Amino acid sequence: MNSEKKCEVLCGKSNKPMTLSVKESRLVAERISEDYYVHLIADNLPVATRLELYSNRDGDDKKKEKDVQFEHGYRLGFTDVNKIYLHNHLSFILYYHREDLEEDQEHTYRVVRFEVIPQSIRLEDLKADEKSSCTLPEGTNSSPQEIDPTKENQLYFTYSVHWEESDIKWASRWDTYLTMSDVQIHWFSIINSVVVVFFLSGILSMIIIRTLRKDIANYNKEDDIEDTMEESGWKLVHGDVFRPPQYPMILSSLLGSGIQLFCMILIVIFVAMLGMLSPSSRGALMTTACFLFMFMGVFGGFSAGRLYRTLKGHRWKKGAFCTATLYPGVVFGICFILNCFIWGKHSSGAVPFPTMVALLCMWFGISLPLVYLGYYFGFRKQPYDNPVRTNQIPRQIPEQRWYMNRFVGILMAGILPFGAMFIELFFIFSAIWENQFYYLFGFLFLVFIILVVSCSQISIVMVYFQLCAEDYRWWWRNFLVSGGSAFYVLVYAIFYFVNKLDIVEFIPSLLYFGYTALMVLSFWLLTGTIGFYAAYMFVRKIYAAVKID
């Protein structure tokens, strides 16, 4: 602590430089041309490279304001006119804060920032002595250290350490890493989304409520005009609207997983918004999400069991097993296959095998019993009471217009929720794939609420149109259509891959699309579940308001 180092030689003796073999040189050159970064940690702070950007573009130098941003890690090297150079000298700057204490106590130092200035200095310009210390060349007259991939390269790895006192307190030492340059864009996008969503919500609600009032008033008029007016619209299908769909077990299982996801995401975003999941404890967000998903199995099981009972299901044990294994099984399977590829590359980013086993044990030891418990109570509870009886014989469905096609429905229903959240999606993608911190959970919470509102409304509108077209098979269709925004997320992910990322290798591409598939699947389950429950409540409400003979 607090000891300055002017220039020290690492790796190898000071009078004998280190030699990179042809194979190593080729690998290093390859990594530099692929824009690899190096990440270091000191006192639990990640290293950052300071970037100074000038915000004013006027010719007057005095007015130029420096806009300081930090890049995580430092670049392994750089290329210039088809030559490859390696950063072999690191100047570390450690900022410390002195705690104020009483007179007779010793000062305690706290590290509050960790910066690096990477330099490339060729072997001839570095002078090393026997004590592993070295002298750096004066000024800017030194040449960078070139790496020739076709032959052996000799070089020194050196570093210097400089300590500076800082006014930053220990508690706010993460602020430099989390200061986003574009908070205004966030506010603009959030306000834009809120205005659009509430404007549309208002219009949709007014139209639906007015139309429904008119419908219900017409349907509830006395029978004196019955002969003159032929019945049409959603009242016609009252005898079939609650007819159980095909595959009720799979539907209730997927919806159970959706409820599990919904509870987990809500709690995680809320807790993160309160600042309890600090980025200084790495992996806290992922661990919390995993544990919460396991424990939310009770709610998932309960809602799935009750719905399964409502849909006239009998085999509750099989249904509970399906709920506990269908979605988690797909997720685990995809993750395991992707992890095998990462293992094959000997990457440090692979999940260790014991961790995989631990996750399996948690799934079958915590999640499965909890889902069974919830399912048991949900199945024993009174089913949802449907306001109208179902006829014995299903009525014939008239031929549907082209726009009632399922795929057209998905395209129409997905636009509004996706439009409300796509700017936030851009920031999340940047955080995951472009090596940045994401710490705007307050914004994310707002976006999540907007998403819930817009999904519910779109779903209600779609189910209303469908019932007006006398098509009563709304259960599965509504679940698929409400998750329509997931289709747009997939399209956006492909666009992002093509336009923003320079991934050329097979395995990174596979990882990108594997993880994207997981995101899209989870997002579809989440939005589909929100939409389904909104539509189910709506359908029960409108049929309860109509007098039926």
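Residue positions begin at 1 at the first shown residue.
Every residue, even glycine, has its Cβ placed from backbone N, Cα and C.
TrEMBL entries are annotated by machine, without manual review.
Annotated in TrEMBL:
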TRANSMEM  187-209  transmembrane segment
TRANSMEM  253-277  transmembrane segment
TRANSMEM  283-308  transmembrane segment
TRANSMEM  320-344  transmembrane segment
TRANSMEM  356-379  transmembrane segment
TRANSMEM  407-433  transmembrane segment
TRANSMEM  439-467  transmembrane segment
TRANSMEM  479-498  transmembrane segment
TRANSMEM  510-539  transmembrane segment
CB contact flag for the transmembrane segment (439-467) and the transmembrane segment (510-539), at least three pairs under 8 A: yes
Distant-in-sequence neighbours of the transmembrane segment (253-277), which means Cβ under 8 A and at least six residues beyond its ends: 284-285, 288-289, 292-293, 296-297, 299-301, 303-305, 307, 319, 322-323, 326-328, 371, 375, 441-442, 444-445, 448, 479, 522, 525-526, 528-530, 532-533
Recorded stretches the transmembrane segment (407-433) and the transmembrane segment (187-209) touching, at least 3 CB pairs under 8 Å: yes
Feature contact check the transmembrane segment (479-498) with the transmembrane segment (356-379), CB under 8 Å, 3 or more pairs: no
Same-chain residues at least 6 beyond the ends of the transmembrane segment (320-344) whose Cβ lies under 8 Å from its Cβ atoms: 249-250, 252-254, 256-257, 261, 293, 297, 300-301, 304-305, 350-351, 356, 359-360, 363, 367-368, 371-372, 375-376, 507, 510-511, 514-515, 517-518, 521-522, 525
